[in-house]
């Protein structure tokens, strides 16, 4: 994928500053356009990545019971307003035939999918679909909780509100006991 055009972003930020009545040449703002461009390069770094590659290496451990990585901190940018949202992801899967992934790979997939203009609902679904496709588990359950700045600093102005999304696949979809186990473990500190 082609690199992010930082100069084009910096030029656009300068235009925005002028449009809101600011002087982009004043002391506090003179370097802001390029700072924003470098920030966008970082927060949109997932655009240049294929998150599914994290499951290219699978281990045969003969573990066929629940695996849960919880409280994976993430941040993303709302594609509607280009303001951040952030929170935690909880990712569970039920291995099939003992096929397991390195635990850090679950967090890496969440990061790569999050680091692009995005919707929380899409992150949740995409992580679950990648895991089902590449890891081939009996089931996957992804729950994400996030605070959205588009609800906190504008519009409805409701700081502290959380949005919770879930994607439930395979065995978790049809087994209430298994789903309840994941939810109980997420609540457990």
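Each residue, glycine too, has its Cβ placed from N, Cα and C.
Copied over from Swiss-Prot:
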- 78, 81, 150: Zn(2+) binding site (BINDING)
Cβ-based neighbourhood (8 Å from the centroid) of the Zn(2+) site, residues 78, 81, 150 excluded:
77, 79, 80, 82, 83, 85, 148, 149, 151, 154
Just counting, how many other CB atoms are there within 10 A of the CB of residue 81 (Zn(2+) binding site)?
16
Tertiary neighbours of residue 78 (Zn(2+) binding site) (same chain, Cβ under 8 Å, six or more apart):
84, 85, 117, 118, 119, 148, 149, 150
Note down the number of other Cβ atoms within 10 Å of the Cβ of residue 150 (Zn(2+) binding site), including every protein chain shown.
16
